[in-house]
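A quick write-up on the structure given underneath.
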Amino acid sequence: GYGHTVPLSDGGKAFCIIYSVIGIPFTLLFLTAVVQRIIVYVTRRPVLYFHIRWGFSKQIVAIIHAIVLGFITVSCFFLIPAAIFSVLEDDWNFLESFYFCFISLSTIGLGDYVPGEGYNQKFRELYKIGITCYLLLGLIAMLVVLETFCELHELKKFRKLFYVKKDKEEDQVNIMEHDQLSFSSISDQAASMKDDQKANEPFVTSQSPTSNDSSLNN
């Protein structure tokens, strides 16, 4: 929200709130899905290629790849666009143009610098469309770079320092309770199987001793 185009009526403000509540989560889901697919081809496969094909250490390759990708992103979405904006915008120097790129791609959006607002701006509609495409692609590139750095082994170890560790005693109690339940269920199943076997056994008629004695006397 740069602040130059804002709703003035109550209906426009209500629609803006509803549209933002629905649109922002869907935009985040869309960006997440796109980044997860791009990072497979941009980060994971190149790192595995150099690791398997050339035998380099995976951690070293990942660090070098992250640094190179970050340098390319800064060059393509900060330095070069800043130089272009400094030429297209009459009142902007290179620092102000770079400031606009950083504020926009970092999703801060203060609104103090907005391109295409000059009175003598040529091809204003086409210029606005180009800026929109630049902001969308730049935001995706920034998310890809951040995800690439987050997958580094060193940063994963650093993030583990902030994880909440479970109490070992509670884990052992849960395991013992689970074992007791499993043992009791097994014993119950064994007892029921024995009862079923007894029920299925054929009846054997036992001969009386008097009949045996009479058969011997004969």
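Using N, Cα and C of the backbone, Cβ positions are placed for all residues, glycine too.
The domain 'Potassium channel' (1-38) scores a mean pLDDT of 89 in the predicted structure. Per TrEMBL, the feature domain 'Potassium channel' maps to 1-38 (among others).
Annotation comment: TrEMBL describes 17-39 (among others) as transmembrane segment.
Under the heading transmembrane segment, TrEMBL lists 60-85 (among others).
Helix, strand and coil content of the domain 'Potassium channel' (74-150), in residues and according to DSSP, is 54 helix, 0 strand, 23 coil. Residues or ranges marked as domain 'Potassium channel' in TrEMBL: 74-150 (among others).
Through the fold, the transmembrane segment (97-114) approaches residues 1-4, 77-79, 81-86, 89, 135, 138-139, 142 of its own chain, all at least 6 residues removed from its boundaries and within a Cβ separation under 8 Å. Taken from TrEMBL, the feature transmembrane segment applies to 97-114 (among others).
Residues 31, 34-35, 38-39, 42-43, 66, 69-70, 73, 76-77, 81, 88, 101, 104-107, 115-116 of the same chain, all 6+ positions outside the transmembrane segment (126-146), place their C-beta atoms under 8 angstroms from a C-beta of that stretch. Sequence annotations record features per position, and here TrEMBL assigns transmembrane segment to 126-146 (among others).
Feature annotation from TrEMBL assigns region 'Disordered' to 188-218.
According to TrEMBL, the compositional bias 'Polar residues' annotation covers 203-218.
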Folded-back contacts onto the domain 'Potassium channel' (1-38), same chain, C-beta under 8 angstroms, at least six residues removed: 109-111, 114, 117, 139-140, 143-144, 147
Tally of residues which DSSP labels helix, strand or coil - the domain 'Potassium channel' (1-38): 29 helix, 0 strand, 9 coil
